[in-house]
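Below is one structure, written out as structure tokens; the observations come after it.
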Amino acid sequence: MVIRLFENDKQLEVFFSSLDKKKKYLLALSGGSDSLLLMYLLRSRGISFTAVHVDYGWRETSYQEACDLASLCEREQIPFILDRQEVANPMDFSDIENIARQYRYELFYRLCKERLFAGVFLGHHADDQAETILKRVFEGAHLGNLKGMARYGTYKGITLLRPLLHITKRQIVEALDNYRIEYVQDATNADERFLRARMREQLFPYLQEIFGKNIRQPLLFLAEDSAELREYLDQQAAPFLSQVIDNEIGQFLPVGQELLQTAFLTKWVCKQFFFKQGLVASKGFLQTVYDHLVRRSEARLRLRNRTVLVKARGVIIESIY
């Protein structure tokens, strides 16, 4: 029934029409409003899937919630996988959010490989996307890396599917509430000891109150612009990166006068050159490299455990022997 509220959603229509319905998929089912709505969407669109739930045991109610989800899936005739991971006190870990996320994604990876699932459906929505983008802004991410989460993404070769990125949390909750469908309200989502919760409960309301407008949509527009910029930069960088050669010293990126005429593109090409060798270069490091290239002055720099040589006509990453 809920799905009728979204049956005229063109983005969902395009998304689901692109899927191979002969294949089987995996659904990350937390029991929250977003993943539960996604479960009903998949059923209504004729997608064959198995639900997987991870119970970390963080809350006293988590065991019963997992049992309730198992019962729900049994009633709906949806295959269900329950994975229990007992964590005595999540606050004993400084980065528990990322630790838990990494565990889930590794579980998804194993299941997809072992049971040949074509991909994993994730319930990330527009509010999650806005939070991700703002977090990256504050972290100083490159303009080409503010694109947020991808509707079609990958993790170690498995496909990640996020059809709800254009739908807000309010729309999801209203849809479920209107049809009296119960969902788990995870208290940790509002626990301000966690960064995401602080952003959700404090930062976004504060910024919107001061600014006087909803800031989520502009952030989503920023992500779209960033994705287009990233695509453009990659196209422009490709001819230069194709000139990388291996020599007796290491990998050599030629940098001619044509490229140096555009500082932004030069630094992007260098950034991707380093990244392809497993090196993440900071903004300051890239600026230093660019300054030496412009002055045609040689330099010997360290980037993590590698030596970078800036020459008059290019950049070399020394090989490790």
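Glycine too: its Cβ is placed from the backbone N, Cα and C atoms.
The shown structure was predicted, so the numbers you read here are calculated from the model rather than taken from an experiment.
Database features, via Swiss-Prot:
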- Ser30, Gly31, Gly32, Ser33, Asp34, Ser35: ATP binding site (BINDING)
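Location within the structure of each feature annotated in Swiss-Prot.
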| residue | record | Cβ within 10 Å |
| --- | --- | --- |
| Ser30 | ATP binding site | 20 |
| Gly31 | ATP binding site | 21 |
| Gly32 | ATP binding site | 19 |
| Ser33 | ATP binding site | 23 |
| Asp34 | ATP binding site | 22 |
| Ser35 | ATP binding site | 23 |
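DSSP assigns Ser30 (ATP binding site) to coil in the three-state reduction, outside any helix or strand.
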